């Protein structure tokens, strides 16, 4: 007589707890400090394992922290995907970037016309959106082509790296320019303005006016610009370095965006292009990696193919899914988990939970979690829905503030939400797969370059919990492998839905 399956093939819920990493209890571990009886029991009482969510396991450079974009992409693809940062580094190492025909043409043209090259991007080594060392290759290429006027429009971080480190990173930018023999920092502005992605054009326009028209507070050095901020590196006000002279983007100049990730720079890129066009300035614009801008901006490095993932398999099988998240993570359960495809496929329903006004995550760590939870519970009760995919954003989004107390509250709110979702799953006979997409809240401090320990709101290289809650309790619970990666999630989901993994997937079902 055969042993009954511990999980019956049928409808389920994929629950991504953003920023849910695993680490030993510590004074800066918000997850261990928080009262989270549901999450604790989830891991202790149900089949669980730890999944690698950073570095080579997900298509990043070794030792690189995970992030929400690559996390959701790999969850959806069922295989590691070479991420843009890795592809850029490979292009640098092979010499392909330096010899790229488009880069060659842009630099030749601007050199021949005595125009200026404007390099715009985030200056840190957080490796989430950019890496300051990529400037070395771009500056060297400009020097080789004898481009005499190279202006760096520096965006300070304070989010993917420890706050109050902007001065050190701008010092590194100056060192790279000196080593290349060309380039100088012309403007400085915080990422809170230059990298808004929520459609707050009032913020973006400050960055546009700074770069295009030189409108900002005068500063005698990059360091003094950083010191002028009362809100840390993320909110350094628009600053024009007087020593750089006139560094406005002029007709015939070239602009090279060196962020490798699109989502937080594309709003700036689109608005700058529109502003320059409206003012009669023709500018040759190119990006280091591929952007999803309205404006067609040629890229030096193309992104990896992510087809053949979970979305394709669900559509081919005729299965219906509902995707639910609030605005901050909506693209992750739609665009990114679908392989950076914005198409709403047959059988997909997208539910975006929007907030009101500008978010203060420290003051409101619950965000819109109650409404997200209600939407998940409602979708779980529908008989026409095979798979609910939801992202609970609080642990990560509030964790990014670096505020330990607020992040503890966010963890506890998430715990209560998971309790409601698990109850809805039991009521509707659904299995649940709960997984983090990367670490964050389990480490809330970091040693700064000067040796001090400072609040840290960035991601980590820690593995993430992966838990399967079966849809039946009358059989022994299965045991999961001791190791896993995010690439195993999609094959496991398809197995639980009664389907085989797609041929493009290299991950394996964990049951």
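Just so it is clear, glycine is given a Cβ too, placed from its N, Cα and C backbone atoms.
Swiss-Prot lists region 'Disordered' for one of the ranges 419-441, 442-464, 465-487, namely 442-464. Record note: Swiss-Prot gives 18, 437, 438 as Mn(2+) 2-binding, and the candidate from 32, 48, 68 in that site is 68.
Taking the Cβ of residue 396 (Mn(2+) 1 binding site) as reference, residues of its chain lying under 8 Å away and at least six apart in sequence are, in sequence order, 18, 19, 68, 329, 437, 438, 440, 441. Taking the C-alpha positions, the distance from residue 264 (substrate binding site) to residue 459 (Mn(2+) 1 binding site) comes to 16 Å. There are 28 other CB atoms within 10 A of the CB of residue 459 (Mn(2+) 1 binding site), with all protein chains counted.
Cα distances from residue 400 (Mn(2+) 1 binding site) to the binding-site residues 129, 160, 197, 262 are smallest for 160. Of the listed binding-site residues 129, 197, 264, 400, 438, the Cβ environment within 10 Å is emptiest of other Cβ atoms at 197.
The Mn(2+) 1 site is set by 396, 400, 459; from the centre of their CB atoms, other residues of the chain with a CB within 8 Å are 18, 19, 67, 68, 397, 399, 438, 440, 441, 457, 458.
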